[in-house]
Amino acid sequence: MKAMRLVFSSRRDLKPIELQHALSKSFMKPSEEHRPDINDILLACAGLLEVDDWIDIIYLSHYITREFLQENLDDDLAALCIDCVSSEAFDAGPCSTEDEFHERLRSYPFYYYAASNWGCHARQSLGVSSSVANFLTAESAAQAAGQALMMSNFPSQQSSSFQTIPNRISGLHLAAYFGLDEAARLLQNSIPDPRDSYLRTPLMYAVLQDHVSVSELLIHRWADVSARDSQRRAPLHLAAMLSRPDMVNLLLESGADVDAIDNFPAGEKDSSITTKLLTWGASVDERDYMGWTPLLRATLSGREIAVGDLLLGGAPVNDADENYGYISVLSIAAMMGYHSIVVTLLDNYAYIDIRDKPGCTPLLYAVANENPRIVEILCKQGADIQAKGEDGRDPLFIALSMGHELIARQLLFYGADVTSTMEGGYTPLLIAAYREYDDLAEPICRFSTPEDREAKEHFGQTPLLVATRHGHVAVARVLLNYKVDIEAKEDKFGQTSLLLAVRLGHTGIVRLLLMQGANPEAIRFDGKNAIQIASVPGREDIHDILTKWTS
């Protein structure tokens, strides 16, 4: 019966070995000989418990037994868990190494469950307050259980987590974590603000878990409502960050200094918290330890309502971070794709072409991060479509070089300069030819001059030669429709587009060039013409085409 009650009332599926340890005669004795055999447990339960060997859990096989097992479940399991974590086996306190910790779990299988869940069962129980208080006042046992509790918050007990979890967790920390009002009351003579290794107080633990009544009790016992942890976060910061309006109200009404934190937390979903903090006089200009203001944080989190509230509260609309290149809130919103925030910032007169330290504008960020909706908003609002970053690339260059065809088409619609040139001699038309953007090559040709269509990159190739080299028939056709020089030669080998197409075996381009009037008698630097170049194995089809064309 006890085994079934434990399996039914546990907060997660128990492993068979955990149940065996829970049913052992003494938590002090880790050896298997002191644990009941799992087959004996199953036999005693008359088939009502079964083991799933595949996922290593034990479970109730008949749901009809649940009603029968309901009464006083939490009392039983709370008492068992507290007995386990209070065992003299853990008087040594927390483990000093990861290997030691895992050995503890292997030796005492039920301990991990007990340390992680005793408080949840105790909160629902009516008759374990004195044993809870005794456990929590035993400093070593409480710290050991706190270590296991913190490790349980990490999936699969990651090896890196052992070194990063908080330690020095007191009994009052645990009472606050689990929301145990009565236990916290019984510990009223203890220090009100003990600190864990991250300088977090019990009040911070209660705030993190949203236990308002325990928080009230701690505050009445003179807990410091403006204490800061190692990241300089106060309880008010944590409550607002986690969107806990009741906790925010409690802390403010209890005298929490609204400016006692490095960063006013504006990234919450519940805008009522932002309004409340602003009403209480929170500064909108305070920077946190990373140099970020509330508006920067809210923008980065995509909280449109919080951004609006902060702007109404006086936050500077052209705010920029001071540690990461002075990137502005508008650039952050454009980069992240938060179109509603972009509109809100522009409606509040944000400078549309504001530059950060690398010289990038919001439009450049929107283009680079492929956010066409924001590109549309910025272009309609008059953003400088020709603005270049420090690398010399304008928005159209970025869109073309990164393969953002839709955005390139938008920029062309709004008048992007198709004649600009960047390092290496590349023009928008050369990039379109290289990437086979035939749909973009046409409008670029339409707005360019004949000289632009013959511009050469640093290898001495025109757009037609580039399209030919890569076998891009559609782009070559567009270029030829705009009467580009079909006999233009590349600088290095003196090849025309036809000679290049023959050498590379681009049959479709060869046909197109011949139909457009390309000279099959042209020669390259070594004196060979098209037919001679095609007189090699693998070029028989092209050789036949040229022979018929010249006959």
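Including glycine, each Cβ sits where the backbone N, Cα and C put it.
Feature annotations, courtesy of TrEMBL:
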REPEAT    198-230  repeat 'ANK'
REPEAT    231-263  repeat 'ANK'
REPEAT    358-390  repeat 'ANK'
REPEAT    391-423  repeat 'ANK'
REPEAT    459-491  repeat 'ANK'
REPEAT    493-525  repeat 'ANK'
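The average pLDDT computed over the repeat 'ANK' (198-230) stands at 94. When Cβ-Cβ distances below 8 Å are used as the criterion, the repeat 'ANK' (358-390) is approached by residues 325, 327-328, 330-331, 333-337, 339, 342-343, 346, 352, 396, 398-399, 402, 404, 406-407, 410-411, 414-417, 420 of the same chain, each at least six residues removed from its ends.
Counting same-chain residues at least six beyond the ends of the repeat 'ANK' (198-230), those with a Cβ under 8 angstroms from any Cβ of the stretch are 166, 170, 172-173, 175-181, 184-185, 188, 192, 236, 238-239, 242, 244, 246-247, 250-251, 254-257, 260-261. Secondary structure counts, DSSP: the repeat 'ANK' (358-390) has 16 helix, 0 strand, 17 coil.
Within the repeat 'ANK' (231-263), the DSSP-based counts of helix, strand and coil residues read 16 helix, 0 strand, 17 coil. Counting residues of the repeat 'ANK' (391-423) by DSSP class, helix then strand then coil, yields 16 helix, 1 strand, 16 coil.
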